[in-house]
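Enquirer: Dumping the structure here so I can ask a few things about it.
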Ligand code: MSP
């Protein structure tokens with residue numbers, strides 16, 4: 001049973017200089033699956049996502065497009081980023097924009113506190129800056145350019161030239177926090193996950209930390225530094241604070257206490273901001289550090305990180321228009337070990353769609369509903385005496401559900417899906433072996449036929465509940481087909497942590513017709529994308 005504990009999960013807030021691609025959608029889906037899981041398990045869940053709208057990158061894009069940064073951000077949020085959430089069925093509880101007043105005002109409050117407490121000072125700075133990353137680059141991420149950038153220093157991530165910036169800035173005394181951060185990683189080994197990410201962060205901090213430049217004065221698209229309005233707050237310092245300004249920091253203490261600390265999901269390229277700078281900022285402000293920071297891998301296309309700037313960006317709608325949102329969600333959560341890089345390919349997507357969703361799960365659902373309709377006039381029969389094979393199905397359902405919940409607890413979404421798929425495979429094997437169509441020919445086997453179909457239908461009930469966080473559309477249709485809403489309530493209200501307990505499906509309910517959950521996809525439609 002749920003203990004009703006708080007589960008606050010965040011995605012990074014996305015830059016609005018460009019349109020979303022499947023890399024962004026990937027984080028959104030992962031966060032959404034975890035949020036839906038916890039919500040359905042009864043935890044006090046909050047899913048936050050949003051957009052990162054200040055800084056030089058957005059300013060330059062807006063200027064290049066002949067508009068103001070705010071007008072540009074409004075357009076991109078309205079036309080691209082909010083619609084993305086619908087395209088892939090994200091159940092976010094809030095959407096924060098860094099241009100929201102609730103954010104700007106409380107960023108200033110936070111900064112003022114750090115300034116008053118002596119964690120901020122004025123200094124001079126000269127270093128190489130990458131506008132793509134919005135970061136002064138460490139030596140390890142500066143490489144020699146090739147091709148058109150031959151002879152220049154470029155960013156290892158964006159392969160674009162770096163800019164030498166020399167400014168008077170305000171600095172955050174981050175160097176003071178190296179020891180406390182190292183103790184944090186030591187005392188809470190799961191603070192940074194996965195293990196590889198943790199190791200990287202620990203060795204980075206062991207080399208010692210420099211103070212961080214947190215203001216800019218050469219442009220003005222940002223939040224003004226409260227005690228010196230000729231400066232705006234560094235875009236990362238501003239952006240990280242979204243995680244607390246969205247849940248009441250500085251404004252609503254009760255809400256803040258209820259939600260914070262968060263679980264942060266981020267791509268591994270922005271891990272250091274979240275696992276080093278962010279906890280140091282929080283420590284300076286006397287606030288609790290996050291619950292954990294999980295760095296997921298990259299979606300690779302042609303062996304490289306998929307990105308718009310390298311022209312390998314794929315829009316989520318290119319996939320959902322053909323395969324649908326459920327298949328999008330399932331594919332990325334199943335095919336890639338969460339935490340590692342994964343290559344995207346149309347062939348793999350099409351093959352998994354057909355084998356796992358259409359033939360594996362969809363077909364199972366259609367067959368069971370069709371047999372209950374044909375052999376029992378659509379009324380779920382009661383089970384008679386269970387035999388060994390039936391008890392085995394029950395055991396698979398019970399252990400798979402428990403394993404899936406444990407996997408979600410460690411953010412291993414791929415393992416959770418693999419566990420749940422043991423039920424799909426078990427039920428398909430069970431039906432093939434038990435041959436209900438043969439039992440149906442023999443009146444003396446009527447009770448046995450009832451037991452087999454009850455077992456299959458109850459297995460489907462468990463599958464609908466367990467898969468609803470991942471494929472909410474198809475499972476809603478299955479729930480409707482099982483005809484149990486009246487007896488058991490809405491699918492999303494089914495308790496997840498006891499989904500594997502046998503016998504919840506009441507016998508005697510009437511099933512409804514079920515159209516193919518994952519219709520066959522024309523190979524030509526795939527080739528045309
Ligand atoms: N605005 C910052 C985050 C601020 S959070 C306080 C930012 N935005 S971003 O739009 O550039 O990237 C957002 C996320 O998308 C990052 O977590 C990044 O890792 C992720 N991805 C971008 N390309 C990706 C792939 N090819 N694959 C997987 N994730 C990718 O950084």
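The backbone N, Cα and C atoms fix where each Cβ goes, and this holds for glycine too.
TrEMBL lists 8-368 with the feature domain 'Methionyl/Leucyl tRNA synthetase'. According to TrEMBL, the motif ''HIGH' region' annotation covers 14-24. Residues annotated as Zn(2+) binding site in TrEMBL: 130, 133, 155, 158. Taken from TrEMBL, the feature motif ''KMSKS' region' applies to 305-309. Residues annotated as domain 'Methionyl-tRNA synthetase anticodon-binding' in TrEMBL: 380-526.
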Enquirer: Counting only residues 6+ away from its ends, which parts of the chain sit with a Cβ under 8 Å from the motif ''HIGH' region' (14-24)?
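Expert: Residues packing against the motif ''HIGH' region' (14-24) from afar: 49-53, 55, 57-58, 60-61, 72-73, 76-77, 80-81, 84, 267, 298-299, 305-308, 313-316, 319, 332, 344.
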Enquirer: Would you list the DSSP helix, strand and coil counts for the residues of the motif ''HIGH' region' (14-24)?
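Expert: Going by DSSP assignments, the motif ''HIGH' region' (14-24) contains 3 helix, 2 strand, 6 coil.
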Enquirer: Give the three-state DSSP assignment (helix, strand or coil) for residue 155 (Zn(2+) binding site).
Expert: strand
Enquirer: Restricting to the chain of residue 133 (Zn(2+) binding site) and a gap of 6 or more, list residues whose Cβ falls under 8 Å of its Cβ, or answer none.
Expert: 155, 157, 158, 269
Enquirer: Taking the Cβ of residue 158 (Zn(2+) binding site) as centre, how many other Cβ atoms lie within 10 Å?
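Expert: Looking across every protein chain shown, the total is 17.
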Enquirer: Cβ-Cβ under 8 Å from residue 130 (Zn(2+) binding site), same chain, 6 or more residues apart: which ones?
Expert: 137, 155, 157, 158, 160, 162, 163
Enquirer: With a radius of 8 angstroms around the mean position of the C-beta atoms of 130, 133, 155, 158, what other residues of the same chain does the Zn(2+) site pick up?
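Expert: Here the nearby residues are 131, 132, 135, 137, 141, 154, 156, 157, 160, 162.
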Enquirer: By a simple count, how many Cβ atoms lie within 10 Å of the Cβ of residue 155 (Zn(2+) binding site), its own Cβ left out?
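Expert: 21, counting other Cβ atoms within 10 Å of residue 155 (Zn(2+) binding site).
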Enquirer: For residue 133 (Zn(2+) binding site), just give me the three-state DSSP call.
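Expert: DSSP call for residue 133 (Zn(2+) binding site): coil, neither helix nor strand.
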Enquirer: Check the domain 'Methionyl/Leucyl tRNA synthetase' (8-368) for me and report the mean pLDDT.
Expert: 95
Enquirer: Counting by DSSP secondary structure, give me helix, strand and coil numbers for the domain 'Methionyl-tRNA synthetase anticodon-binding' (380-526).
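Expert: Final tally across the stretch: 95 helix, 1 strand, 51 coil.
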